[in-house]
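According to TrEMBL, the domain 'Plant heme peroxidase family profile' annotation covers 64-360. Residues or ranges marked as site 'Transition state stabilizer' in TrEMBL: 101. Among the features that TrEMBL reports, active site, proton acceptor is placed at 105. Look at TrEMBL and you will find 106, 109, 111, 113, 115, 127 tagged as Ca(2+) 1 binding site. Residues or ranges marked as substrate binding site by TrEMBL: 204. Summarising the annotation, TrEMBL assigns heme b binding site to 234. Feature annotation from TrEMBL assigns Ca(2+) 2 binding site to 235, 280, 288.
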């Protein structure tokens, strides 16, 4: 089933899937037996949930976004993207993590405007050249541009690269075994990219602790549950040795399981190793809740991962997701929808790029001027 936003009642919730057939708001409560309570964390003592009608959920959307934005201009958009990504992931499921991460890095810096897709220019290096983005998969950029070409061939240039990136991220989650959900659309592409410093200040490093994560994401109106839920994207993908090497050398991080650490030393035998390893040792290619099980077993790869369980402010959220995958999926979808609306451009803002890696060329403007001049001459 597809998931929709909900209205939170308690700090931690157990949600039921929202189906597209339901059109009314429904409240439900459930009480766990004493025996069950012994098996789950105390944060799940009493749970409530709301199903939200599409009309209500639309009220929460940023102005200019819509659940049916391309209903008439490009009704086959999502089917085109999903059909192609099925082929891509059949050849290499690892590309799913690359597309999901690309959407994260786009939204956290300057908003979900496709700015991370832009190449550099004479005015300076692009967001792609900033240290946090150097490890973004080159194939992810190629896949987005290929999807753009397929969509524009079918519908002309009406769909933005920012929207294609958001839809591709959703399909990366779903086709890896995660939840399927509707994505509000209508984003426009940015006309500029962020500076190196802006990129660095908006993308917490994998060496960051929970305090840094909470502070950084709070500036984007994302709370502790959002931080833990979005971190769950690390249930798929790989990490470079340089992103966690400080946990191995010169001394081992005390919060890391010893066997896990020894195995990592085999992958990264020296402090300058450039190898990679999976982010989730239990199910590296499946989008599920095993990432949180890893954290509870002190097998999180990055400091930013493991500290979510070490820190008392987020530990119970980690536990709740580890024992309840449905809860994780619900919260992940809700957080993705919040993140996906960060500082979006809509209406007449920005542009619809003809090529995701470059702003629409000034040649388009020059061509229009020439055409106007030719029409003027033809009148005489």
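Heads up, the Cβ atoms here are built off N, Cα and C, so glycines get one too.
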Rounded inter-Cα distance in Å - residue 111 (Ca(2+) 1 binding site), residue 234 (heme b binding site):
21
Can you tell which of 111, 204 has the most other C-beta atoms within 10 Å, given these are the binding-site residues?
111
Out of 109, 113, 115, 204, 280, which of these binding-site residues is nearest residue 234 (heme b binding site) by C-alpha distance?
280
Centre the Cβ atoms of 235, 280, 288, go out 8 Å, and tell me which other residues of that chain have a Cβ in range of the Ca(2+) 2 site.
232, 234, 236, 279, 282, 283, 284, 286, 287, 289, 290, 291, 294
Taking DSSP as the reference, which of helix, strand or coil describes residue 111 (Ca(2+) 1 binding site)?
coil
Mean pLDDT for the domain 'Plant heme peroxidase family profile' (64-360), as a whole number?
96
What is the separation, in Å, between the Cα atoms of residue 235 (Ca(2+) 2 binding site) and residue 109 (Ca(2+) 1 binding site)?
22
On a C-alpha basis, identify the one among 105, 115, 127 that is nearest to the residue listed as 'substrate binding site'; the candidates are the recorded positions.
105
Where among the binding-site residues 106, 127, 280, 288 do you find the Cβ with the fewest other Cβ atoms within 10 Å?
288
Rounded distance in angstrom between the Cα atoms of residue 109 (Ca(2+) 1 binding site) and residue 288 (Ca(2+) 2 binding site):
26
Chain-internal residues near residue 115 (Ca(2+) 1 binding site), provided their CB is under 8 angstroms and they sit 6+ positions away:
106, 109, 127, 190, 192, 193, 194
Find the shortest Cα-Cα separation between residue 113 (Ca(2+) 1 binding site) and the recorded positions 101, 105, 280, 288, and name the residue that gives it.
105
Compute the C-alpha separation of residue 280 (Ca(2+) 2 binding site) from residue 101 (site 'Transition state stabilizer'), stating it in Å without decimals.
15
Including all protein chains shown, what's the count of other C-beta atoms within 10 A of the C-beta of residue 235 (Ca(2+) 2 binding site)?
29
